[in-house]
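See below for the structure under consideration.
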Amino acid sequence: MRKLWNALRRPSARWSVLALVAIGIVIGIALIVLPHVGIKVTSTTEFCVSCHSMQPVYEEYKQSVHFQNASGVRAECHDCHIPPDIPGMVKRKLEASNDIYQTFIAHSIDTPEKFEAKRAELAEREWARMKENNSATCRSCHNYDAMDHAKQHPEAARQMKVAAKDNQSCIDCHKGIAHQLPDMSSGFRKQFDELRAGANDSGDTLYSIDIKPIYAAKGDKEASGSLLPASEVKVLKRDGDWLQIEITGWTESAGRQRVLTQFPGKRIFVASIRGDVQQQVKTLEKTTVADTNTEWSKLQATAWMKKGDMVNDIKPIWAYADSLYNGTCNQCHGAPEISHFDANGWIGTLNGMIGFTSLDKREERTLLKYLQMNASDTAGKAHGDKKEEK
């Protein structure tokens with residue numbers, strides 16, 4: 001080590017000091033210029049789309065307002081996908097090495113079919129990245145303070161004012177602005193299949209994962225009502241493929257008493273009953289809802305149903321419902337905080353948006369109940385709080 005140190009300190013017998021300085025300058029310039037040029041070249045749109053796996057998304061981008069618009073300002077690939085700050089840019093470049101690996105070595109996205117299969121995963125990763133830095137790339141062009149709301153569409157102005165007040169991340173509301181949105185339903189439908197396959201109906205308290213017909217007697221052909229998703233029942237008896245159950249819920253005393261709800265005054269549906277099941281209900285208690293001055297009765301109904309689509313823990317149902325919410329309501333805009341609406345308010349809100357989704361009736365019912373059970377006036381009830389709303 002001493003010899004090496006002495007050699008480094010000793011003047012060169014072969015090279016002049018000027019030559020050594022010149023070499024040092026050249027090396028220094030190279031260390032500065034080459035990475036800069038490399039980053040600049042690999043950040044061009046031409047470089048990005050040179051991989052054939054990027055051609056489909058490039059064609060999508062060409063149809064967007066970021067490619068062609070009235071003002072003639074074009075956002076290139078790097079404008080959206082590479083953070084403007086140096087640490088963020090370097091980090092993104094290092095992460096991009098995985099794209100090269102997946103394309104040329106793992107071959108996981110090297111065909112249109114493979115790319116589509118991973119589109120949701122790739123999109124969610126990019127959304128999370130943009131959410132993490134508060135859409136820094138978007139803000140390099142767009143600024144809340146620079147917006148003239150008078151020149152915006154009234155609805156756009158209203159939404160942007162709310163977003164500006166909360167300093168909301170752009171990606172919360174503008175997913176799919178430049179590329180086709182992935183089909184998020186594959187994720188939550190796979191999750192439901194796994195929930196159904198792993199259903200455990202042991203125990204005295206069960207929860208429904210689907211809309212299930214209920215019967216007045218074991219073996220009946222005609223149903224006497226329906227048990228709705230995410231509803232709790234008590235098992236009274238097991239007989240082969242049949243379960244005798246006890247359903248408890250609230251109904252308006254002056255009404256037809258065919259629908260049971262989770263709480264008095266809140267349209268969180270548990271079950272519908274009719275025929276002999278309805279005729280044999282017991283009234284447990286009554287209460288008056290102050291807001292509407294209406295009397296509600298707590299009823300207890302006994303019925304039979306076939307085994308299947310029941311679980312002994314509500315938490316997996318809520319986890320699935322959360323995927324439903326994020327997989328559908330985040331598609332067109334930023335999903336609002338669930339507690340932004342009360343339980344009854346969520347009915348109209350969801351009805352106004354459901355036409356833009358591909359949810360079936362079971363999914364719609366499950367999602368609505370999840371939202372209602374976590375609403376502003378019921379928050380926490382979805383996680384095991386049994387207290388009744390009076």
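Yeah, the Cβs are placed from backbone N, Cα and C, and that goes for glycine too.
Feature list (source: Swiss-Prot):
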BINDING   Cys48, Cys51, His52  heme 1 binding site
BINDING   Cys77, Cys80, His81  heme 2 binding site
BINDING   Cys138, Cys141, His142  heme 3 binding site
BINDING   Cys170, Cys173, His174  heme 4 binding site
BINDING   Cys329, Cys332, His333  heme 5 binding site
TOPO_DOM  1-16  topological domain 'Cytoplasmic'
TOPO_DOM  38-390  topological domain 'Periplasmic'
TRANSMEM  17-37  transmembrane segment
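Structure coloured by features recorded in Swiss-Prot.
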residue : record              : CB count, 10 Å
Cys48   : heme 1 binding site : 20
Cys51   : heme 1 binding site : 15
His52   : heme 1 binding site : 11
His81   : heme 2 binding site : 16
Cys138  : heme 3 binding site : 19
Cys141  : heme 3 binding site : 12
His142  : heme 3 binding site : 13
Cys173  : heme 4 binding site : 17
His174  : heme 4 binding site : 16
Cys329  : heme 5 binding site : 20
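Taking all protein chains in view, 19 other C-beta atoms sit within 10 angstroms of the C-beta of Cys77 (heme 2 binding site). In sequence order, His66, Thr137, Cys138, Ala178 are the residues of the chain that are 6 or more apart from Cys80 (heme 2 binding site) and have a CB within less than 8 Å of its CB. Proximity to Cys77 (heme 2 binding site), defined by a C-alpha to C-alpha distance within 10 angstroms, is shown by the following binding-site residues from Cys48, His52, Cys141, Cys170: Cys48. Using the Cβ center of Cys138, Cys141, His142 for heme 3, the list of other same-chain residues with Cβ within 8 Å runs, in sequence order, Ser135, Thr137, Arg139, Ser140, Asn143, Cys170.
If you compare Cα positions, His142 (heme 3 binding site) sits closest to Cys48 out of the binding-site residues Cys48, Cys51, His52. Around the Cβ of Cys170 (heme 4 binding site), the number of neighbouring Cβ atoms within 10 Å comes to 20. Relative to Cys173 (heme 4 binding site), the binding-site residues Cys48, Cys51, His52, His81, Cys141 all have Cα atoms farther than 10 Å away.
Taking the C-alpha atom of Cys329 (heme 5 binding site) as reference, the shortest distance to any of the binding-site residues His52, His81, Cys141, Cys170, His174 belongs to His174.
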